[in-house]
Amino acid sequence: MEVLNKKWSMEKLMSLRKEILATWPTGSDVEDIDAGIEYQKSLPKSKNFAAKLLHAKENGITLVQPRAGVALVNEHIGLLQFLQNEGQADLLPSTIDSYTRQNRYQEAEKGIQESISSGRSLLNGFPAVNHGLENCRRVVESVNVPVQVRHGTPDARLLAEITLAAGFTDYEGGGISYNIPYAKNVSLEKTIYYWQYVDRLIGYYHENGVVINREPFGPLTGTLVPPCISHTVAIVEAILAAEQGVHNLTLGYGQCGNLVQDVAAIQTLQELSEEYLLKNGYENRHVTTVFHQWMGGFPQDEAKAFGVISWGAATAALAKATKVIVKTPHEAMGIPTKEANAQGLRTTKQLVNMLKDQTLPLTNELAEEKEMIKKETRAILDTILKVGDGDWARGIIRAFEAGIIDVPFAPSRYNAGRILPARDNNGAIRMLDTGDLPFDKEIIDFHKKKIAERGEAEEREPSFQMVIDDIYAIGKGMLVGRPN
Ligand SMILES: CC[C@H]1O[C@@H](n2cnc3c(N)ncnc32)[C@H](O)[C@@H]1O
């Protein structure tokens, strides 16, 4: 099945809907597609994610948002209300459980029953499909701020149908960013096709006056991902979504730890995405950015964990990211208590408030970093379009096959896995091996030089050992994995 970046007709969407809604009994509650639109229109503007994001962007504010989700409806509502009231969350999620992410609704049902009988959440998120339309509406109505669906679902069609009709106004993910880092053996043709359904549904909401924001999953594997790699995936997903009628997008990036590189990454993500959306004919699109606090391993010690959270908060604020996704001091242990989640939020809010009136000055170092990220990202994006003979969907599929785009440490068999990232002497992410990325000599030499500087400082030859040391560094309280 060849997948092309072409807007679906509503006939095509409607012809597939019946089959999708039949995959779980709660799908029958949303058969009337226009009832969901009418419900969305009944919500106050204060509940609309896109509106709140654009207001924040216009006013130079960085909004704070947690991840959060538990098995049962009442407990999930209590959790979100606590994070809103005690955590000062500007935006709220519903993080979906792993069974639902794999469309394993039978096991999610079992998890719900066991959570009821045991009196505690035995799922690692909120099983929105099983709970269905009315319960999801209760969640949305129980808080005063906009609510977003956060998950990791390769086939997120039914989840979208139910949560959008229920009043969620932002939907995370995409056919690449929820495949390559999340699945081992699901083709990109399939997941891009599934997500064209989701984005076309959102396009239909938009055509009927309801603005739903879309957020491709920025961090990908969250392990030493160079900015040009995560930017490429985010921008291609933005283009694929825009083609289906999505107008509001939040593009994301996972903190790497070097302040200049992270600030450069957020600024270039905003600039490049706007450039490529316009260049490809998608006018009147509204782009915001989201900075994910450290996605790698966390220290167990809570005081140190607050240090990592604060560093992410400060970087997000100095980068003027529109939104920051907050970690908690329980990150090393697993699903946080609501108290720990609220602490992560308040720590972040403190840093964001104190840094609101400051930005990182445009030094030569920052300018060089921005220039390099743009050169690398444009080289990859332009090659994707070329190998796709002018089609972005065909291009990204072929580009992954050829290693033209390559996500480090991704489980997917459709990912080449030939690039090797490592930190330079200042902790910025460089490439020990650029694999088959379409980089010219200038880019390749830049990375070689930066890594060589670290080798000289550490008196060792650049090698794969640097990559291993960098992966374990944070657990030892460091950023750069120095030799013992
Ligand atoms: C993308 C992975 C991140 O999502 C976080 N996460 C996953 N499920 C939940 C959850 N149910 N509540 C809070 N945080 C969560 C997890 O701690 C990790 O930081």
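Using the three backbone atoms N, Cα and C, a Cβ is placed for every residue, glycine included.
As written in TrEMBL, here are the features:
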| type | residues | note |
| --- | --- | --- |
| BINDING | ARG67, ARG101, ARG150, HIS151, GLU172, TYR178, TYR182 | L-glutamate binding site |
| BINDING | GLY69, ASN124, PRO181, PHE298, LYS327, GLU331, ILE335 | adenosylcob(III)alamin binding site |
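Here the features listed in TrEMBL are painted onto the structure.
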residue: GLY69; record: adenosylcob(III)alamin binding site; DSSP (3 states): coil
residue: ASN124; record: adenosylcob(III)alamin binding site; DSSP (3 states): coil
residue: HIS151; record: L-glutamate binding site; DSSP (3 states): coil
residue: TYR178; record: L-glutamate binding site; DSSP (3 states): coil
residue: PHE298; record: adenosylcob(III)alamin binding site; DSSP (3 states): coil
residue: LYS327; record: adenosylcob(III)alamin binding site; DSSP (3 states): coil
residue: ILE335; record: adenosylcob(III)alamin binding site; DSSP (3 states): coil
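Taking CA atoms as the reference points, ILE335 (adenosylcob(III)alamin binding site) and ARG67 (L-glutamate binding site) are 10 Å apart. Taking Cβ-Cβ distances under 8 Å and a sequence separation of 6 or more, the neighbours of TYR178 (L-glutamate binding site) in its chain are HIS151, GLY152, THR153, PRO154, ALA156, THR191, TRP195, PHE217.
Closest by Cα distance to LYS327 (adenosylcob(III)alamin binding site), from the binding-site residues ARG67, ARG101, ARG150, GLU172, TYR182, is ARG67. Cα separation, ARG67 (L-glutamate binding site) to ASN124 (adenosylcob(III)alamin binding site), rounded: 11 Å.
For GLU172 (L-glutamate binding site) paired with PRO181 (adenosylcob(III)alamin binding site), the C-alpha to C-alpha distance reads 14 Å. Counting only the Cα atoms, the space from ARG150 (L-glutamate binding site) to GLY69 (adenosylcob(III)alamin binding site) is about 9 angstrom.
Cβ packing within 10 Å was compared across the binding-site residues ARG67, ARG101, ARG150, HIS151, LYS327, and the lowest neighbour count falls to ARG67. The binding-site residues near ligand 1, defined by a Cβ under 6 Å from one of its atoms, do not include any of HIS151, GLU172, TYR178, PRO181, PHE298.
The secondary structure of ARG101 (L-glutamate binding site), as reduced to three states from DSSP, is helical. In sequence order, THR95, ILE96, VAL149, GLY152, THR153, GLY173, PHE217 are the same-chain residues whose CB sits within 8 A of the CB centroid of ARG67, ARG101, ARG150, HIS151, GLU172, TYR178, TYR182, the residues recorded for L-glutamate being left out.
When the Cα positions of GLY69, ASN124, PRO181, PHE298, LYS327, GLU331, ILE335 are compared pair by pair, the longest gap among these adenosylcob(III)alamin-binding residues is 21 Å. Cα spacing between ASN124 (adenosylcob(III)alamin binding site) and TYR182 (L-glutamate binding site): 16 Å, rounded to the nearest whole number.
GLY69 (adenosylcob(III)alamin binding site) and ARG101 (L-glutamate binding site) are 13 Å apart (CA-CA, integer value).
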